[in-house]
């Protein structure tokens with residue numbers, strides 16, 4: 001009589017034990033993606049048996065991760081404000097610090113007021129889209145020089161059902177919205193000095209030079225926003241910016257020279273991270 005050998009199923013805990021400790025967090029995120037659950041649920045599922053096909057996909061994606069590909073690019077998505085956004089190589093991956101920018105911006109947008117905002121450098125679209133979801137009367141315009149970022153923003157807008165209130169254009173900074181005025185301008189522009197490029201980790205470089213490098217000094221985009229912002233803001237409008245941890249003073253001075261009242265907010269590590277600049281009434 002012919003014997004039939006049954007494949008032994010592997011449990012979540014056993015699978016994670018096969019991963020080196022330095023990749024444990026990445027493994028949990030990848031596995032949660034494959035199982036369609038939140039990473040926080042993984043410890044509660046240690047006894048769950050995993051289908052063979054998912055085990056194969058898990059090891060394939062872990063192999064990519066160990067080659068230095070960021071986890072976000074391996075799974076093709078990342079969370080921001082508890083919402084999932086599609087991501088791709090060459091487009092900035094959403095970070096926790098950007099959630100501070102979103103939260104501070106929301107504080108200045110009343111729930112019941114019709115407003116029009118502009119985002120310089122949309123990336124995945126996570127800033128504009130989160131603002132639109134939280135403020136149903138808001139309309140956003142956004143630009144990016146990266147065609148992949150523009151398409152990704154449009155895709156994410158459709159995913160989150162706000163594409164009817166988000167207008168995205170391919171182009172440099174304010175050029176696609178020349179002559180328009182907005183209630184506010186929001187941006188997480190590239191702010192790393194160009195001489196830092198060579199010392200950045202290789203996996204960070206995969207997010208793209210134009211996504212990360214802000215020019216020779218690193219704050220060139222803030223100079224541009226300070227200069228052009230006055231032309232594109234309505235009366236009593238405001239500017240909300242994410243900044244590098246050591247750029248608070250210089251960005252504050254740039255905006256104060258243009259008659260803005262400036263407040264700086266810190267990130268979770270205690271570093272300067274968000275600037276809110278409001279026009280004097």
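Start at 1 and count along the chain as shown; that gives each residue its number.
Each residue, glycine too, has its Cβ placed from N, Cα and C.
Lifted from Swiss-Prot, the feature list:
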| type | residues | note |
| --- | --- | --- |
| BINDING | 121, 122, 123, 124, 125, 144, 188 | S-adenosyl-L-methionine binding site |
| BINDING | 188, 189, 190, 191 | substrate binding site |
Distance [Cα-Cα, Å, rounded] between residue 144 (S-adenosyl-L-methionine binding site) and residue 189 (substrate binding site): 10
Cβ neighbour count within 10 Å of residue 122 (S-adenosyl-L-methionine binding site): 30
Cα-Cα distance linking residue 191 (substrate binding site) and residue 123 (S-adenosyl-L-methionine binding site), given in Å to the nearest integer: 14
Neighbourhood of residue 188 (S-adenosyl-L-methionine binding site) by C-beta distance under 8 A, where only residues 6 or more apart in the same chain count: 92, 98, 101, 121, 123, 127, 241, 242
Intrachain C-beta neighbours of residue 190 (substrate binding site), sequence separation six or more, cut-off 8 angstroms: 121, 210, 211, 212, 213, 214, 215, 221
Residue among binding-site residues 122, 124, 125 with Cα closest to the Cα of residue 191 (substrate binding site): 122
Under 8 Å by Cβ from residue 189 (substrate binding site), counting only residues of that chain that are 6 or more apart: 120, 121, 214, 221, 222, 225, 241, 242
Winner by Cβ contact number (other Cβ atoms within 10 Å) across the binding-site residues 123, 125: 125
CB-centroid shell, 8 A cutoff, substrate site 188, 189, 190, 191, site residues removed: 121, 187, 212, 214, 221, 242
For residue 189 (substrate binding site): DSSP state (helix, strand, coil): coil
